[in-house]
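Engineer: Can you read through this structure? Questions will come right after.
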Amino acid sequence: MEIETRPHISGDEKEEEQPLSPAARLFHAPEFNCNIISVIGFKSKLDPCVFIRGFKESFIRHPRFSSKLVTDENGQNQRWVRTNVVVEDHFIVPKIKPQNIENSNAFLEDYVSDLMKIPLDTSRPLWELHLLDLKTSDAENVAVLKIHHSVGDGMSIMSLVLACMRKTSNPDELPSLPYQYRSSSRSSLLTTGSRSDSRLLWLVKVIWTAVILGLNTVCDALEFIVTTLFVKDTETPIKGDFLSTKSKQLRLVHRTVSLDDIKLTKNAMNMTINDVVLGVTQAGLSRYLARRYGEEETKNRKQKKLPKRIRLRSALLVNLRPTTGIQDLADMMEKGSKCRWGNWFGYVVFPFSIALRDDPLEHLEIAQKTISRKKNSYGAMLTYIFCRIIVKLLGIKVAASIINRMVSNTTMTFSNMVGPVEEVSFYGHPITYFASSAYGHPHALTIHCQSYMNKMTITLIVDPTVISDPHRLCDDWEESLRSIKAAVTKRESLRLWDYLRILHNRVAWLLYQIAGLLYRML
C-alpha cells in the first residue's frame with residue numbers, strides 16, 4: 001500500500017525539491033556518511049501493525065521523512081525530492097531463532113553492530129525502524145530506529161519522535177519537555193548590574209564581559225586552527241587508527257544509572273547536570289586508561305603506568321538553537337520560530353584532564369571550570385559558520401577533508417541530551433529507555449548521555465579493535481559516579497557536623513551567659 005505524501009506539504013514547503021544544506025552535504029561525504037541510531041526499550045510486546053498505522057498518520061507527514069535523496073550525474077548537486085512512501089518497506093521485523101533468545105543482550109549488540117555496517121537505501125527516504133520481539137535484561141521488546149544524519153540532528157529527530165509520543169498516564173497529552181531559554185553567566189551579570197549598580201560600574205562590567213568573551217572566542221578559534229593543522233592527541237589505548245576505521249565493525253553498548261544520584265551531586269556542588277556528567281566521564285576515562293596501561297605493563301613486563309601528561313580531547317557537540325532542551329515539533333516548524341529543523345549545531349574542543357586523583361570531586365571542579373569558559377565563548381558558532389563558508393567557497397570535498405582532519409586529531413565525541421521527565425508511550429507502547437548515538441565520524445569512541453524519567457542512559461559506540469571491552473568502560477563510568485556520590489555525601493556530612501558543632505558552641509555560650517545573669521540576680 002502506498003501513501004501519497006504531497007497533500008501534507010505545508011504552505012512554506014510547496015516546492016517539490018529542496019537543496020541539501022551544507023551540513024547535510026557534509027554528512028554524505030565519504031569521510032563521514034553519518035547516521036543516527038537509537039535503541040528503544042519497551043515494557044510490552046510490540047505490535048508492528050500499530051506502529052505502521054501510527055507512522056502513516058504522523059511520522060511521514062514531515063517532509064524530510066517523505067523525501068528521498070537525488071544526486072545529479074556529476075555528483076555535485078544533491079537535493080531532497082518528495083516521493084510516495086511505502087511505509088511497510090521501512091519496517092523490518094526479523095525472525096529471531098530460539099537459541100538467540102537465551103543470550104538476548106549479546107544478540108541485540110550483534111544485531112545493532114551488523115545494522116551499522118549496512119548503508120541506508122537512497123532510493124527511498126533515509127530512515128528505517130527495526131522491531132525486535134526480543135526480551136532483554138531491561139526491556140520486554142526492543143526497537144531500533146536508524147536515520148541518516150543529513151535528515152536532521154539529534155535535537156530535530158528527537159523532537160519529531162516525541163511529537164509522536166504521549167504520556168503513559170494521559171494518552172491524550174504530549175510529553176512534558178524542558179523548555180528553558182539559555183541564561184549565560186554574562187547575560188545574568190549584565191541584567192543584575194543594570195538594576196542594582198551605578199551606570200559607571202555597569203559599563204565596566206559590560207566592557208569586562210565583552211573582553212572575556214572575545215578572548216575566549218579567539219582562544220577557541222586558535223585551538224580549532226592548530227588542531228586542524230598539527231596538534232594531535234596522545235596515542236592512548238582508546239585512540240583509533242582512522243585510516244582503516246571505515247572497514248571496521250562498530251559496537252553499541254549502554255548503561256543506565258540513577259539520575260537522582262547525578263542531581264544530588266549537582267545540588268551539592270552547585271553545578272549543572274552537564275557539568276557533573278562531564279566530570280564523571282573524565283573520572284571514568286582516567287580509571288579505564290589506568291587499567292589499560294596496567295594491563296599493557298603486565299603483558300610487556302615493562303613499567304608502563306598512566307602517563308602524567310595525556311592530551312585527550314573530545315569534539316563536544318553544542319546545540320546552537322536559542323533555547324535549551326528538546327523542542328516539540330510544532331514549535332520547531334512554526335513560521336517565525338527561533339527553533340529550526342535541521343543540523344543546527346557546532347562543536348568545541350573539550351580537553352579531559354586524565355589523572356587518578358585522591359579526591360574524585362576534583363574531576364567535577366576541573367570539568368566545570370573548563371566548560372564554563374567554553375560556554376562564555378562563540379567558538380561553537382564559529383565552527384558552524386566556518387563549515388558553511390568552506391563548503392560554499394571550496395566545495396564539499398575540501399570541507400570534508402578539513403573537518404575530518406580536525407576531528408581525527410581528537411580522541412572522541414561527546415554529547416548530552418535532555419529527555420522527557422515522565423514515562424511516555426510510543427503509539428501505545430510504554431518506553432523503558434532510550435539509547436541513542438551517532439556513527440560515521442572518525443572516532444573510536446563516542447559517548448552520548450540521555451536522561452529519561454529518573455534515569456540517565458550512557459550510550460557508547462566503540463571500535464572493538466580499539467576498545468574491546470566497552471562494558472568495562474561502562475563499569476568504570478558507573479563506579480566513578482558512585483565514588484563521586486560517596487565523596488559528596490561525606491563532604492555534606494562533615495559540613496553538617498560543622499554546623500552542629502557551631503550551633504552547640506553558640507548554645508553553650510548562650511546558656512553560660514544566662515547562668516551568669518541568673519547568678520548575679522540571685
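Each Cβ is built from the backbone N, Cα and C atoms, and glycine gets one as well.
These came from Swiss-Prot, pasted as-is:
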COMPBIAS  1-12  compositional bias 'Basic and acidic residues'
CARBOHYD  N270  N-linked glycosylation site
CARBOHYD  N409  N-linked glycosylation site
TOPO_DOM  1-205  topological domain 'Cytoplasmic'
TOPO_DOM  227-522  topological domain 'Lumenal'
TRANSMEM  206-226  transmembrane segment
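Provide an account of the burial state, proximal residues and distances for the features listed.
Structural biologist: A coil conformation is recorded for N270 (N-linked glycosylation site) in the three-state DSSP classification, outside any helix or strand.
In the three-state DSSP assignment, the secondary structure recorded for N409 (N-linked glycosylation site) is coil. All protein chains shown were included, and the count of other CB atoms within 10 Å of the CB of N409 (N-linked glycosylation site) stands at 22.
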Engineer: Report, as a single number, how many Cβ atoms besides its own are within 10 Å of the Cβ of N270 (N-linked glycosylation site).
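Structural biologist: Summing over all protein chains shown, N270 (N-linked glycosylation site) has 8 other Cβ atoms within 10 Å.
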Engineer: Just the number: how many Å between the Cα atoms of N409 (N-linked glycosylation site) and N270 (N-linked glycosylation site)?
Structural biologist: 33
